[in-house]
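Take a look at the structure set out below.
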Amino acid sequence: TSAALTLLGGSVAAVVVWKWLGKKVIQKKMEEARKTRDEGLKKMAKAVQQFREQVPSVQTDAILSLPLLGLTERLREGSLSPKTVLYTYLEKALEVHQQTNCLRHFIPECEEQLQEIQRQKEKGLLYGIPVSIKDHIGHKGHLSTCGLVRCLDTLTKEDSVLVKVLKRQGAIPFAMTNVPQSLFSYDCSNPIFGQTLNPFNHQKSPGGSSGGEGALISGGGSILGIGSDIGGSIRLPSSFCGLCGLKPTAERLRGESAFGASICLMWVICSRPIPVSCALGPMARDVDSLALCMRALLCEEMFRLDPTVPPIPFDEEAYCSSTPLRVGYYDTDGYFPLPPCMRRAVRETRSALQAAGHQLVPFSPPRIPYVMTELFLKTFFADGGRAWLDVFTGDIVDSSLKPQVNSCRIPRLVKKLLALLLKPLVSPHVAMISTCRSVKEMWNHHCQIQVYRSEFITCWKELHLDVVLCPVLGPAFTTGYPGKLLTAISSTMLYNILNFPAGVVPVSTVTEADEEELKLYQGCCDDPWDRKLKQAVSGAVGMPVAVQCVALPWQEELCLRFMKEVETLSREK
């Protein structure tokens, strides 16, 4: 007995030591990654300083205040040089990063690209424009970390298709931006590079998972960025940070490189035959910038590099049309009631559109509770979350993700018992119990999504709608809250399930009256989740308030045209 106890004690001690050593290795890797980033930032700061000394008369504020269309015009006519513009934005990006921690890495090869565009025979549509890209979009010679330690060892071997096309159009990718760990969050925090903050209010989150992009562009450190969206990851940061952002039909653009893809949830999802695809899209300060980016990307080079992208060039006629639209609208989806200011934004925009000569028609999206639990979350947690949990092997889980991770780790039977006994308290995680237990169930699940898409399009067609105006989650949450309110994203998630193009436009800001009305907010049934949402969005006076604009699949240009109309009317107001 004594020998057995000694052996057991020795085994326990060995496991404790092994875990301690493993944690030390992880921490060392994270420290090295942070050190590499900081050294890159210092090099860029030095390069900016040298440029400043060589050209002390640069009118920084004048350059930064130019809209993208104005900047491209100045660059093409030669009254501004690409070098001046690049270093102006590098300097501003450093400043914004100091305030918000939005950068994952500078791209030093931007100076090589600066030389390359001057050798090109033709000036592309984005000639000389500095562009930021989200962490997981592949750039040759750089990491795509997804905020995971396991991804710190593998450099991307070649530029992704999207980066190649940006470069061919004369753009200069200059920075990669921070993301939440595994990308499965609409906050923006990971254990390696830390929490990104909202430039309007440092107590607030910039949203996610394209949160680094949101913070950098909103702070003025980038004029155009590329994000990705599988549940709202372009639209939520755009809403939280007061930007315009477009999630296209998923197949309209491609971004994957042939090699060096990150091992993250996004990649796990994108490489499996599932019916909800990741969409890449632009983020910027105005709708015309989004349109220019789409115009530049939807070119022969994109279609040649990736034959799976349908060769549909940008439809100028649809974007520039002034024909009155028939607009469906709703200010709540009946699943997760949004704060009063977001519903106010829809009502005010509806009135402005009606006054401008458009026809407004009430529209109710069908069966959102079913869509959220049985279609959307079941897609990601069909295996009970095991594939997602696997990406955290040999990693430290970020505090913002612990509620979801801990829920996935609870045995299935225990989850069922908890769901029955404590239903009002555990409802956001009940969907994780709903798994596909066989291949047949998985195919049935895929079929159910197709059936729902057909049902939704039928409702749309019966009302003869061109587009839909609806709310988006906001205003910006206090940091840490997004991880506690996963199911609050029903407003954006719906259009990932449907694979419809959807964009966000800021139209207002939170007022004192909104804050007072929030005190009376009870949500659906004044349960713990409604109260948590109330806490998450409180203290947001002056923060951006946005609406969401939606069109049918492959009608990105119509969606953008509608967004432009909303933007124009809100600015006039």
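Note that the numbers count up from 1, one per residue, in the order the chain is shown.
Cβ atoms here come from the backbone N, Cα and C positions, even for glycine.
Record features (TrEMBL):
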type	residues	note
DOMAIN	85-560	domain 'Amidase'
ACT_SITE	Lys134	active site, charge relay system
BINDING	Leu183, Ser209, Ile230, Gly231, Gly232, Ser233	substrate binding site
ACT_SITE	Ser209	active site, charge relay system
ACT_SITE	Ser233	active site, acyl-ester intermediate
Ser209, Ile230, Gly231, Ser233 screened against Lys134 (active site, charge relay system), Cα within 10 Å - retained binding-site residues: Ser209
Maximum Cα-Cα separation (Å), residues Leu183, Ser209, Ile230, Gly231, Gly232, Ser233 listed as binding substrate: 11
Model confidence over the domain 'Amidase' (85-560), averaged pLDDT: 91
CB contacts for Gly231 (substrate binding site) [other CB atoms within 10 A, all chains]: 28
Among Leu183, Ile230, the most crowded of the binding-site residues [Cβ within 10 Å]: Leu183
Gly232 (substrate binding site), number of other Cβ atoms within 10 Å: 31
Residues near Ser233 (substrate binding site) in space but at least six apart in sequence (CB under 8 A): Leu183, Tyr186, Gly208, Ser209, Ser210, Gly227
Of Lys134, Ser209 (the recorded positions), the residue whose Cβ has the fewest other Cβ atoms within 10 Å: Lys134
